[in-house]
Amino acid sequence: MDVTSSSGGGDPRQIEETKPLLGSDVSGPEGTKVMGAVPCRRALLLCNGMRYKLLQEGDIQVCVIRHPRTFLSKILTSKFLRRWEPHHLTLADNSLASATPSGYMENSVSYSAIEDVQPLSWENAPKYCLQLTIPGGTVLLQAANSYLRDQWFHSLQWKKKIYKYKKVLSNPSRWEVVLKEIRTLVDMALTSPLQDDSINQAPLEIVSKLLSENTNLTTQEHENIIVAIAPLLENNHPPPDLCEFFCKHCRERPRSMVVIEVFTPVVQRILKHNMDFGKCPRLRLFTQEYILALNELNAGMEVVKKFIQSMHGPTGHCPHPRVLPNLVAVCLAAIYSCYEEFINSRDNSPSLKEIRNGCQQPCDRKPTLPLRLLHPSPDLVSQEATLSEPRLKSVVVASSEVHVEVERTSTAKPALTASTGNDSEPNLIDCLMVSPACGTMSIELGPQAGRTLGCHVEILKLLSDYDDWRPSLASLLQPIPFPKEALAHEKFTKELKYVIQRFAEDPRQEVHSCLLSVRAGKDGWFQLYSPGGVACDDDGELFASMVHILMGSCYKTKKFLLSLAENKLGPCMLLALRGNQTMAEILCLMLEYNIIDNNDTQLQIISTLESTDVGKRMYEQLCDRQRELKELQRKGGPTRLTLPSKSTDADLARLLSSGSFGNLENLSLAFTNVTSACAEHLIKLPSLKQLNLWSTQFGDAGLRLLSEHLTMLQVLNLCETPVTDAGLLALSSMKSLCSLNMNSTKLSADTYEDLKAKLPNLKEVDVRYTEAW
């Protein structure tokens, strides 16, 4: 093979500079000719739909042909003295370099020195080559096949043109020319046969750098550039600097059509595909500013509502799982920004200032944690307790099902209190409730902060209206991810009350259980919106709704009632006095489960129940149940009892109401149709020691109730029942269990290990066909 070239008339560099930057038909320098033993022609490269991955490096054969200027140099460059060298070439941002700089590639080849890139093919030889025209010669690259040759060709063309665009757009002179070049750059990226993230990101980064270095552009120039790069944003996130530019445009021109026509699909893509705003916070900020810009339109929140509807979709289930978490993240960050002025300034932060003055003596503040409520010293705590005896104190009663914040006065019974450690961090609700000044203080936000707060709280309301989003929304808001200043702000808690009400009205346990605290020692929405809580602005209607839904689910437990008796007995009695049916039921259960030991308090509860028709009716039913219970628990009757198969809860209730079962020790309900509802009857059997629930529909709710009342149970068979870890964990309170059958249940290995550690008398365990097997 003999390929030579000569530099004929005309300066090829001048020709290159005068050609359009994105010319698709690039011809070689004038006068260049290829000489050899066989004719050589330029290969006509047609993509025909082929796609290629952008090369960053690869192995290829290299040959450099210098343009002969003398007869001797022409002999030296003849085909007899020419050789091919293998090199591992790297396509850097500004040059083509070899991993082993030697021979032909001892020096890297700058993209600015490459005048032309063309594919070559020979008729009589299966060679696949590229010709790189450089000053004074030609660089030939030989690939193994035509696909690799084309891949190298497109990759080199891309690197070369991107390098030139970076130089051209780094020093703009006339903006109409710059805009034309940007459009051409975008077209090049869209029509490139290369597939790589950088194909679209590189032009965006070039434009982003251009905008960051030229801040004196007019509004019209801003919009023209945004429209020009819009096609690239359809499938790509904007770079950080470009996000900042978009944010500025949203703030300065919220009514611009660019916001609706260009930014809407960009924000939709961000909400659908973004996985972590922590890695790209400017995307979140851009989304926030876009939503605020929509809110500034004439229709205001109606436009925002339509946008949320478009994100959810027309069906009952949103097909994009990332939309809700991303929207919530945007709302939380926006709400935090509303109180940022208070948070960053002690003097202008009445919430923190008043909390410190009311709860603690002045103490040093950690400079790295300006929002942290510091741990009080034991001496300061004792001094405060001496100075304010009647002050409310915080006590936590915790269970595996529910954690309720208990407030006690100095006259409450010490038997029901549980002390917290002196080294624990002050409870948020205590801090907001302990000082009278905190209850009357008001936080005033500026006009812009007020609009931001109202807009994003309204979005949370809209999100809570979607049934499929409500479980995830409740889970995300369960830890109360709002600043302390927001919880002290009456406007915020009043607006957010709608969201909490939606949670309280949802019958799904996964939703309304999120009203409770996320773990022991922390506060939940149940505490904030209960009477006496910092966010309670009514007479307990929301509190009654929350208690009603929790009692109707699986929280009708002695621990839950004990917590209410300790914490909210007064509000419960007041609401029952006003005819609230749920509160009347609560008071009856307190009497039935012997939660209240004080006789005077019991008489007061009875008087409260008898003061209303609904309460009187429930109390009469309670008295009837108590008489039946005494008859049921009267000594006598069988010691063993087996119900026929297919028996139901009603059959069991009818049987137990027919006589005395005070001696019943062994009850078999195997292969019956009983459910968790029968637990209310089983807990009335005082002598029960063995219970067989094999192949029944007895579930977690019933298991939790049994664990609280039948603490003397010794043998329990749960084989082939639908119980899960949520119910099985409650068995840890049955210290007398000797035999436990959990065959074919949804028992996990961790729960099994936990039960073994907490049940010291357990000797026989069946965990076959479970995860723990």
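Quick reminder: no glycine exception, Cβ is built from N, Cα and C everywhere.
Here is what Swiss-Prot says about this protein:
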- 54-163: domain 'PH' (DOMAIN)
- SER349: phosphoserine (MOD_RES)
- SER377: phosphoserine (MOD_RES)
- SER382: phosphoserine (MOD_RES)
- SER660: phosphoserine (MOD_RES)
- 1-28: region 'Disordered' (REGION)
- 663-686: repeat 'LRR 1' (REPEAT)
- 687-707: repeat 'LRR 2' (REPEAT)
- 712-732: repeat 'LRR 3' (REPEAT)
- 736-756: repeat 'LRR 4' (REPEAT)
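Long-range Cβ proximity for SER660 (phosphoserine), meaning a same-chain Cβ under 8 A and a gap of 6 or more residues, is found for GLU631, LEU632, GLN633, ARG634, LYS635, GLY636, GLY637.
The repeat 'LRR 2' (687-707): residue composition by secondary structure is 8 helix, 4 strand, 9 coil, according to DSSP.
DSSP assigns SER660 (phosphoserine) to coil, not to a helix or a strand. Across the repeat 'LRR 1' (663-686), mean pLDDT in this model comes to 91. Assigned with DSSP, the residues of the repeat 'LRR 4' (736-756) fall into helix, strand and coil as follows: 8 helix, 4 strand, 9 coil.
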